[in-house]
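Here's the structure we're looking at; comments come further down.
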Amino acid sequence: MDEITMVRELYGSPEPDPAARERIRARVVGGRPVRRPHRRMTFGLGLVAAATAVVAGASLLSGGTTRTPVVLGTTGGDDGSARSILLAAADSAEKEQPGRYWRLHTTYADTYRVKAGYNVEGNRWESDRWMARSKDEPDHNFDRDLPSRPQTPADEAAWRRAGSPKTWKVISSGRPYTLTTESTGWRSATISAEQKRRRDDRACGDGSPAGPQGCNPMLGPSTEERVLTDPGLFRKSHAELRAKRVRALVESEPHLEKEAAARFDLPIISLFLTTRPASPQVRAAAFRLLADTPGIRSIGTVTDRAGRRGIGLAARATKDDGGGTVYDEVLILEPKTYRILGEQQMIVKAAGPYRGMAPGTVLSHTVVHHAGWTDAKPAHP
């Protein structure tokens, strides 16, 4: 069971799988039919690039997030330093003031090892969502797909030696998938107050009500809303889901209990903190849960895929595809403010489908440009 499925059970977050993103995006924009581009629409995260044929050359390679070498920082941090950082983040979150919209502006990409022997960032997507605090105001969504590209300057050189191909055939979630240097322009959608009410009133197949992201097997809309404002209920819901998932994890492989922080706590709570418009008290409670989680360590300064330097907090695990790849799940916080800059999975030891990736390679990443309350007028970047 992957962490994205766990997140959806708790609060319905979109999943970063190419096959599922189109369905979820249609749900997010209120059920409006989604026009298919020449390739399958992705629901990943990514930055800005021109939607023209010339992106295949230098424009392609310079567009989007900065392809900065990853700095792992020191590895001498311990649970105590990670705990103090997370408690400071909780104190900072508790002082936040709600605004008119919860704005979530992110960039996402996965990394693939192609047959020619270099790494490509694919499923790149930029999403900018403005979720109104009031049920009587509309939500506004903007998004666009971006071209796939070689990940580092060394990968770019290998790509050029291979003839600068514009497509790559890879395996994504166990299925064949084609990455392309094509991109799309901005898509936008406005979800009216009435559309939101109709969406929330829909009944699931089992008779339970649908939440803002669709059918949720654990929470109806009223309970979900209370989770966002009640720290005690948030902790209870998280504990119940964690117990369920960790139990399932260790039933077949007891040694995996030590990987719960990387497989569950760090990705689930960091996604909650960025995607859900929770109250300052609940956000503080989420950071404190992480502070009390064993297995999270400080790794010093980390440079994210946008070139920003932040505080790295990591937990280690093994990919569950049977290949044996060891990775660090990394949460990146802005120094002093403790704002979430993003998360990424970094290779520690590559094996199986990731063989050939060097230690420190970013396997997947989300760059968080903005996650928080704002009174600004909705507009795309």
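Cβ atoms are placed via backbone N, Cα and C, with glycine included.
What TrEMBL says about this protein:
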- 42-61: transmembrane segment (TRANSMEM)
- 135-147: compositional bias 'Basic and acidic residues' (COMPBIAS)
- 135-164: region 'Disordered' (REGION)
- 179-193: compositional bias 'Polar residues' (COMPBIAS)
- 179-222: region 'Disordered' (REGION)
- 194-204: compositional bias 'Basic and acidic residues' (COMPBIAS)
Structural state census, the compositional bias 'Basic and acidic residues' (135-147) (DSSP three-state): 0 helix, 7 strand, 6 coil
Counts of helix, strand and coil residues, the compositional bias 'Polar residues' (179-193), according to DSSP: 1 helix, 7 strand, 7 coil
